[in-house]
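Going by Swiss-Prot, these are the annotated features:
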type	residues	note
REPEAT	18-38	repeat 'LRR 1'
REPEAT	43-64	repeat 'LRR 2'
REPEAT	65-87	repeat 'LRR 3'
REPEAT	89-110	repeat 'LRR 4'
DOMAIN	123-165	domain 'LRRCT'
REGION	148-242	region 'Disordered'
COMPBIAS	148-217	compositional bias 'Acidic residues'
COMPBIAS	227-242	compositional bias 'Acidic residues'
Amino acid sequence: MEMKKRLMLELRNRKAADVKELVLDNCRSDDGKIIGLTSEFENLEFLSMINVNLLSVANLPKLPKLKKLELSDNRISGGLEVLAERTPNLTHLNLSGNKIKEINTLEPLKKLPHLMSLDLFNCEVTMLNNYRESVFELLPQLTFLDGFDADDQEAPDSDPEAEDLEENGEDGEDDEEDEEEFEDELDDEEDDEEGEDEEGEEEEEGDEEDEDDEDVPQGEKRKRDLEDDGDEEDDDDEEDDE
């Protein structure tokens, strides 16, 4: 499903300003860019765009209340200064499975004073010598890197903010049902359009037949009608004989 269509699904009967949690996982971005998401989502606190083939976050709008951003399994290699400019209150950032190769790529994140948790699993940068020490030194505001703090203590399984968002959000099953209903509606609209086209074609064919009859001389037309009546009478006689 395209990202714009998925946004339409998520917005059904709601205004963008009323949305606090938005999940766009596994939909298709537009040439590796975010599309359809606007600054009207001003109260958004949780945004997930996992596996949407993103190359860049350049089109991310200003989201002043965003706290948690999931961007794992994309192809982002840089441009993180956008996050510092447009998500100033970010606390959790997941960039796992992206194309982050160098520590200095993370430098723009220094401007996110509330950033507590950063995930970089399956990024090449994690293979560098002294990776963890370097990241904690670069980003002193961090508490957890890849699920562990600087003393190798594991992060809690869940954080209260995320739980609150999940409780306030719709259940996964409801989302799936809504998505199926939405797709069915789109299919019905397409079928209606096709049906209208077919009806139009049938009407045109009927009009052409009427025109053909009008073109036939009156004598010929009367002759045809008489022949048709004669055929019907013959059929009736055969039935009586039986």
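Keep in mind that glycine also has a Cβ here, set from the backbone N, Cα and C atoms.
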Inset, instruction - May I ask for the residues of the chain that lie six or more residues beyond the repeat 'LRR 2' (43-64) and have a Cβ under 8 Å from a Cβ within it? - result: 3, 17-29, 31-35, 37, 70-77, 79-80, 82-83, 85-89, 161-162, 165
Legend entry - Number of helical, extended and coil residues in the repeat 'LRR 3' (65-87), per DSSP: 6 helix, 3 strand, 14 coil
Legend entry - the repeat 'LRR 4' (89-110) [mean pLDDT, rounded to integer]: 98
